[in-house]
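The structure appears below as structure tokens.
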Amino acid sequence: MLYISVLLPYIILFSLLIRSLTMKGAYFGLKNLLAAKVPALYSVEVWRRTGNQLFLSLGPGFGSFTAISSYIPRSNNCVIDAYAVAFLNLLVSLTTTVFVFAVMGHLATKNNEKCYLMNAEKVMDLVIAQVLPPEAHPPDSLYHDPSSIYPKWLNNLPEYIKSRILPNLTDCDLSKELNKVMIGPGVVIVTFSDIVSLFSGPTFWSIVTFLLLVNLGLSTVIGIIQGIITPLQDTFSSLREHSKLLTVGVCVPMFLGSLLFVRPSGSYYVNLLDDYWVSLPLFFIVILETIAMAWIYGARSHMR
């Protein structure tokens, strides 16, 4: 069961990646992903968010690695495991990033085409109202491929017509549309929902995608809960006889506390939790763990 819960999400993610790369506008999203933004390297906020992402994706300081590693043989090579976890995390992060930017490029292209069509309808209304000459009427083929036909049509208009049209049109900018769709904590939900709607049998794939996200969340929570339960059982041996009761006793308060995030103001607390309440304490916890391991326990003892 563990192999299914761990491997299945990545199989589905790889399938969604292949589908996302074939979508219209995916190239623009990937181009934006690979565009070098050198000034961002000097931003403290960028490095803070990068460190936050590393903490949340690799999981140091949560205790889950320590708890899970207590079940493997003492002869196991933990150095190889550490490299394997870091490499697999990098691979999955890159795959997810390419997938998200490809779909975001598709969404931005689709929204930009809607902007083109709305502008074309405005021009047609002005032509019908005889505010603009008939030469300003958009071509009928515009609806087949707005992304390529609209800019050509607008640029080929005579200057005297273009000067009368532009004040009535909305500024359609693909880069601005990409920035709009990338804003907000629900980007992943929007991304998965949009690509699933393009599949045949979207209802089935929507259920599969929802189960994928739930499975990823539960897999993460299981590791965190194990990092709490295992030390308690190691410290108080009497708790080993009541492992189910202990699990319920740990999960119920966490469940009641999480109800705060489903309230109307929940997204505000999620952002606080994501940006400050978790990453900052974890930073100091990991530093103290490193000092304890290297200074108190001894680096040489750890290497042996």
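Including glycine, each Cβ sits where the backbone N, Cα and C put it.
TrEMBL labels come from automatic prediction, so no person has curated them.
If you look up TrEMBL, you'll see 6-30 (among others) marked as transmembrane segment.
Among the features that TrEMBL reports, transmembrane segment is placed at 51-72 (among others).
For Ser57, Asn89, Leu216, the entry in TrEMBL reads Na(+) binding site. When Cβ atoms from all protein chains are considered, those within 10 Å of Leu216 (Na(+) binding site) total 15, not counting its own. In the three-state DSSP scheme, Leu216 (Na(+) binding site) is classed as helix.
Residues or ranges marked as transmembrane segment by TrEMBL: 84-108 (among others).
Feature annotation from TrEMBL assigns transmembrane segment to 205-225 (among others). Tertiary neighbourhood of the transmembrane segment (205-225): same-chain residues 5-6, 8-9, 12-13, 59, 62-64, 67-68, 188-189, 192-193, 196, 199, 247, 250-251, selected by CB-CB distance under 8 Å and a gap of 6+ residues from either end.
The annotation transmembrane segment is assigned in TrEMBL to 245-264 (among others). Listed as Cβ neighbours of the transmembrane segment (245-264) (distance under 8 Å, sequence separation of 6 or more from its ends, same chain) are residues 225, 228-229, 232-233, 239, 270, 273.
The transmembrane segment annotation in TrEMBL covers 276-298 (among others).
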Other parts of the chain folded back onto the transmembrane segment (51-72), taken as Cβ under 8 Å at six or more residues beyond its ends: 78, 81, 85-86, 89, 93, 223-224, 226-231, 234, 274-275, 278-279, 282-283, 285-286, 289
Nonlocal residues around Asn89 (Na(+) binding site), in sequence order (Cβ under 8 Å, 6 or more apart): Ser57, Leu58
Other residues, Cβ within 8 Å of Ser57, Asn89, Leu216 Cβ centroid (Na(+) site): Leu56, Leu58, Val92, Ser93, Thr220
